[in-house]
Amino acid sequence: MTALDLPQLLNLTDMETAAQQIMPPDALNYYASGANDEHTLRANRASFSRVKLRPRVLVDVSHIDLSTEVLGLPLSFPVGIAPCAMHGLVHPEAEVATATAAAAAGSLATLSTMSHKPIEDVAQAAAGRMWFQLYLYRDREVSRDLVQRAEAAGARALVLTVDTPFLGRREVMLRSPLHLPEGMSLPNVGRRQPGTEHLDDLNYLNTLFDPSMNWRDLEWLRSVTRLPIVLKGIHTAEDAALTVESGGHVWVSNHGGRQLDTAVTPLEVLPEIVQAVQGRAEIYLDGGITRGTDVLKAVALGARAVFLGRAPLYGLALAGEAGVRHTLELLREELQLAMALCGKVRLAELGPDLLRPST
Ligand SMILES: Cc1cc2nc3c(=O)[nH]c(=O)nc-3n(C[C@H](O)[C@H](O)[C@H](O)COP(=O)(O)O)c2cc1C
Ligand SMILES: CC(C)CC(=O)C(=O)O
């Protein structure tokens with residue numbers, strides 16, 4: 001598909017369907033899958049449609065302002081790109097294309113530790129609009145080096161993923177293991193340790209993560225960086241409170257349904273998390289966002305911004321940077337219209353009174 005064909009794709013589901021028709025089977029299995037029975041994967045999306053909107057009328061909506069800030073960085077609308085591993089499975093420009101698109105849209109790209117492109121190349125493309133996601137390795141020296149490279153390259157925050165002491169059980173991947181094509185190594189992983197040749201690539205990565213990671217490791221992280229720290233994978237008020245006490249920001253996520261199946265969905269726990277945080281930290285959310293109204297609902301419940309996981313990957317698969325741009329622009333247009341139809345002109349006007357919870 002070329003950039004010229006993109007306007008035929010009217011929404012993120014059209015993009016997902018079109019991308020899935022052209023993606024290599026390995027990439028499709030890896031990107032689309034969730035853990036176990038994929039209940040949480042489906043529930044993430046369903047949680048948005050269960051919440052109904054209460055629009056107000058007779059408001060002058062001829063000018064709508066979608067702008068916001070995350071950790072002091074201005075965004076043209078409250079949507080960023082979540083960290084996803086291995087963009088190179090679907091496009092040779094990989095994370096560089098994604099970051100270029102995010103920067104052009106006035107958005108923000110979070111670079112995964114498991115990227116195909118080096119941190120410095122992506123940071124340059126992101127032009128200051130990049131956060132770096134960290135998987136804490138057993139080998140702290142490697143982690144320290146990654147953190148310091150990200151900081152030196154201009155990352156604006158560190159996103160520590162806290163829901164992955166071990167990879168979730170993605171049965172699609174067990175049936176059809178991922179073997180990265182020759183020459184498609186992950187620059188932040190380094191050379192394979194001897195004795196691990198029998199493991200497929202995901203299971204090998206699993207051996208690098210430190211399952212002993214706990215709240216005390218945040219002190220270590222703080223000692224090696226001056227960047228703000230965001231904890232990604234918070235599901236409860238209890239952990240949100242601990243995050244704030246440790247000086248971090250809160251990213252509500254169940255990893256796109258890829259970790260603990262039947263875990264709560266981000267949208268349903270957002271109110272308890274907002275109450276626990278009490279304005280002391282920023283709150284973000286990801287999981288299942290495909291519509292402008294989804295963004296609106298998350299912001300109305302207290303998220304400062306939301307992040308997209310799979311959707312930009314499908315855009316990338318279809319048309320590289322232009323495809324990711326199209327994903328972001330579709331969502332921006334939908335959000336703009338949804339604001340107008342709700343009688344809201346600024347994000348600050350969105351609040352829980354806009355919503356009617358499911359009965
Ligand atoms: C293919 C794929 C790779 C992912 N890789 C990472 C990763 O490297 N680090 C991380 O913290 N989260 C990772 N995630 C989780 C996303 O950051 C995000 O939480 C999730 O995809 C959001 O849900 P959505 O796909 O429904 O938007 C990955 C998700 C997918 C689909
Ligand atoms: C390589 C993996 C650890 C990346 C990930 O977080 C995922 O596949 O969900």
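In case you wondered, yes, glycine gets a Cβ from its N, Cα and C as well.
Owing to the predicted nature of the structure, the values given are computational and were not obtained by experimental measurement.
Summary of the site annotation: TrEMBL records FMN binding at P83, C84, A85, S112, Q133, K232, S253, R258, G309, R310. Screening the candidates T161, T164, T196 against this entry identifies T161 as the one listed for that site. Checked against ligand 1, the binding-site residues A85, Q133, R170, H255 give A85, Q133, H255 in sequence order as having a Cβ less than 6 Å away from one of its atoms.
Rounded to a whole number, the C-alpha distance linking R170 (glyoxylate binding site) with R258 (FMN binding site) is 7 angstrom. The Cβ of Y135 (glyoxylate binding site) has 21 neighbouring Cβ atoms from other residues within 10 Å, across all protein chains displayed. Among the binding-site residues listed (Y30, A85, K232, R258, R310), A85, R258 have a CB atom closer than 6 Å to some atom of ligand 2, in sequence order.
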